[in-house]
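To start, the structure itself, in structure tokens.
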Amino acid sequence: MARPKIALIGAGQIGGTLAHLVALKELGDVVLFDIAEGTPQGKALDIAESGPSEGFDATLKGTNSYADIAGADVCIVTAGVPRKPGMSRDDLLGINLKVMRSVGEGIAEYAPDAFVICITNPLDAMVWALREFSGLPVEKVVGMAGVLDSARFRHFLAVEFDVSMKDVTAFVLGGHGDTMVPLARYSTVAGIPLPDLVKMGWTTQEKLDQIVQRTRDGGAEIVGLLKTGSAFYAPATAAIEMAESYLKDQKRVLPCAAYVKGAFGLDGLYVGVPTVIGAGGIERIVNIALAPEEQAMFDSSVEAVRGLVAACKGIDSSLA
Ligand code: A3D
């Protein structure tokens, strides 16, 4: 059986890391696309030359032509510009919206059956725009944010509790970053909810609040340290987790920016919710009941996403 074909649209920091991870994990053959001439070709060749040492047979091709993504099973989109220190994700909106148009049209023409994972920021608005421009079914277009936000949360919690990251689960809802809604009562160490761990004296509510805030600011913390761009190792790993669940029909329960209509009282909006990802794409949205203060946080996150979508419509009249 032929290996799956994985198209990476954008060959920058995340795109290159994605290509490396796909090859190392032998998830499929890689097509790395970028408008910058030479960058995707150079990165693809460099990674391919690590094949003999690593022992993978996946092929890697760098290209500046959308025709090369033809028939891709998965497209992961990182095309656009990242944040610099002092910029918010929302500052990227105008530039990256134009990029989403060209990417959406490219995918619609050459890979209309793909499962599409968007990473470009501001995430919740860009995944919405990418779906509009591509015209693909809503269950096949999804945004990566919650897996990364929850991985950051899990990392900080594991360090705080001095336990394995594997035994820490985290549940986050809402938009990416600042308006993220971590649900402490559904976040656990080996099944023990965080509020119980506070009662058991494993940590204090203050420390937990600090960890939540650090998680919300997780992207900015890395931007501040790197100074020349934003995080790329953990974002790439998070998107690979989603792609693998689709390709292997794992039906993982993962928080993603998914199109929500009906659940959570929403009437059709991309926002971070727990989903089940399998061979059908987003197969299910896990619609949990929220406590009043959780609902209030979720509502303000939804309002922030609505504002960004309205801004997109204001910039590109074809979206209105
Ligand atoms: P970077 O290393 O700059 O790579 C972006 C690439 O996109 C560059 O190689 C550009 O040449 C390319 N590009 C620009 N315009 C186009 C176009 N029209 N078609 C194809 N390629 C194009 O950035 P990065 O890889 O660090 O980040 C990529 C995106 O991911 C940015 O928007 C980041 O803000 C975003 N990001 C999101 C998260 C989330 O958790 C959602 C995390 C980290 C980064």
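One is the number of the first residue shown, and numbering goes on along the chain from there.
Cβ coordinates are placed from backbone N, Cα and C, and glycine is handled just like the others.
For 5-143, the entry in TrEMBL reads domain 'Lactate/malate dehydrogenase N-terminal'.
Residues or ranges marked as NAD(+) binding site by TrEMBL: GLY10, ALA11, GLY12, GLN13, ILE14, GLY15, ASP34, ASN96, ILE119, THR120, ASN121. Secondary structure from DSSP puts ILE119 (NAD(+) binding site) in coil.
A sphere of 10 angstroms centred on the C-beta of ARG89 (substrate binding site) encloses 26 other C-beta atoms. Among the features that TrEMBL reports, substrate binding site is placed at ARG83, ARG89, ASN121, ARG152.
Annotation comment: TrEMBL describes 148-303 as domain 'Lactate/malate dehydrogenase C-terminal'.
Residues annotated as active site, proton acceptor in TrEMBL: HIS176. When other Cβ atoms within 10 Å of the Cβ of HIS176 (active site, proton acceptor) are tallied across all protein chains shown, the result is 29.
For the domain 'Lactate/malate dehydrogenase N-terminal' (5-143), DSSP puts the residue distribution at 67 helix, 25 strand, 47 coil.
In this entry, NAD(+) is bound by GLY10, ALA11, GLY12, GLN13, ILE14, GLY15, ASP34, ASN96, ILE119, THR120, ASN121, whose most widely separated C-alpha atoms sit 17 angstrom apart.
Across the structure, ARG152 (substrate binding site) and ILE119 (NAD(+) binding site) are spaced 16 Å apart at their Cα atoms. In this structure, of the binding-site residues ARG83, ARG152, the smallest number of CB atoms within 10 A of the CB marks ARG83.
Mean pLDDT for the domain 'Lactate/malate dehydrogenase C-terminal' (148-303) in the predicted structure: 95. Per the record's binding annotation for substrate, residues ARG83, ARG89, ASN121, ARG152 show a top Cα-Cα distance of 18 Å.
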